[in-house]
Amino acid sequence: MSSPTLKIHDASLSFGARRLWSHLNLLVEPGEFVAVLGANGSGKTSLLRVILGEQRLTSGTVAIAGRPARRGSGEIGYVPQQRRVDPLTPLRARDLVGLGLDGHRWGIGWPNPGRRRRIDALLDRVGAAGYADRPVGLLSGGEQQRVRIAQALVAGPRLLLCDEPLLSLDPQSQSATTALVDQSRRTGDTAVLFVTHEINPVLPYADRVLYLAGGQFRAGTVDEVLNSSTLSEMYRTPVEVIRSHGRILVAGLPEMSGHEGHETNYALGAP
Amino acid sequence: MTVWHRIFDFTDYGQLLSLVHNSILAGLILGVVGGLISTFVMMRDLPFAVHGISELSFAGASAALLLGVNVVAGSLTGSLIAALTIGALGSRARDRNSIIGVLMPFGLGLGVLFLSLYKGRSANKFGLLTGQIVAVDTPQLSWLLGTSAFVLLGLALIWRPLTFASTDPEVAAARGVPVDVLSPAFMLLLGLAVAMSIQIVGALLVLSIMCTPAAAAMRVTAAPRLVTLLSVVFAVCSVVGGILLSLGSSIPISPYVTTISFAIYLACRLIGSRPNRRGPRRAVAVAARPGAPVSSR
């Protein structure tokens, strides 16, 4: 059996006197889906930056497929949050996917049939073949995220890093996007680290949860981490986790964790 | 003589043409460089920076004119200082625009000062602002060839990562593209290209070959290769066409170039408003969902 896709060992990260997290251990096996949840400013994005090799750890090690994290690793595919793209940006869906394949290489890069086939195959796999030639700026948020997933997968990564990919998507697109990520890890054995503040869309798929808050972390199954006593302990204030019709509602989070408040409101308002 | 004849005069055209083959070659080179550079100027949202750089380049050139040293060297110096300053201080669009807004009038003011002190031919002064392609001689042409070869090679080398970093910076950085190195590298190439263009179309009109061609191309297609190709074709048509039209007249070349360039842009806007490109702006509608954080670029 090969080495774990991602191995974080005794890792700590501080900015000056501010400690984001310390002694963090995490092992992600091929094909595993790990949701990373937590308050704003708890270091979720910094964790991704460490894995991408853009940020050094204060102490500890990070290895991807057995090798230390470094910038531009071909083992990692990255899905960012959806952003408005200028409608005039000269990029079609297929060009965005193409950049994921070889956009980091020097030179002009001439088109070739093999490259085109690969891009078409990926667009087909995420169900974006119908708008392969449309400008990225004219795609809807959900369509854009499908293309983003194709872009992240086209180079055949072992680890998919998703950084709030559901933000500013409507509920249907949120579940479609999450389902697509899930499908890719099942077919390609790609491990998934999914940073989100929208808990419910990822609940059906997450094998494990890594929760970051208040300089601490908890890792485990959804039930082990997302319960009133664990969260109350991490936030050092009474937090209530309510399960209702297969959804999780978190109530009583401190003011400072803005995004979680948003999640709570959103979840309570849902049918 | 009527005004019309002062604008268009094609008597002895054949003889004139044989005299200006240097200029036409220069126009061709400039068109190719301008067309290529302008696609990145548009992608990176730099038209205002181009204008700022050209004003500083103008200041450098007029200082050189006053001091009696090489004008090209002067414009190059001004251009590179401006390009690298803007590149270093303005990574965010907002900072960049305010820096350019501060630099530009200062450069223009310096230029006016140097030109007022200069006692030589007034055609030299006017040429820096509005262009003087007919004056291209052989040493100037070799300088132009050398600079454009450098710019073209540089662009070819960084083409793919620069496209990635310009259109999709976040993912490009995650993929290991040296976004922080590419930005000053492009500003350097841009500075050289602007200094080159100043010699021919003048400081005030650089945008017509460094912004308009790609802006026009992007109206009719989103395919990157086609945008680049069209942009080069548009720029070459504008510059060479402008030279050919202006030959017999006593008027500077720039109004011809800018008019052709603008006409192409208008035509592209008309063609680009065809229904399949307009499409419903669903991306915007989704982003505007109540409660969703407002995303910004």
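From the backbone N, Cα and C atoms, a Cβ is placed for every residue, glycine too.
What you see is a predicted model, and the numbers here were worked out from it, not measured in a lab.
Sequence annotations record features per position, and here TrEMBL assigns transmembrane segment to B:20-42, B:63-86, B:98-120, B:141-159, B:185-214, B:226-247, B:253-272.
The transmembrane segment (B:20-42) and the transmembrane segment (B:226-247) are in contact, since at least 3 Cβ pairs between them lie under 8 Å (pairs 6 or more apart in sequence). Beyond the transmembrane segment (B:226-247), the same-chain residues lying 6 or more positions past its ends with a Cβ under 8 Å from any Cβ of the stretch are 8, 10, 13, 16-17, 20, 23-24, 27-28, 30-32, 34-36, 38-39, 133-134, 200-201, 208-209, 212-214, 216-218, 220, 253-254, 256-261, 264. Counting only same-chain residues 6+ beyond the ends of the transmembrane segment (B:253-272), those with a CB under 8 A from a CB of the stretch are 130-134, 200-202, 204-205, 208-209, 212-213, 215-217, 219-220, 234-235, 237-239, 241-243, 245-246.
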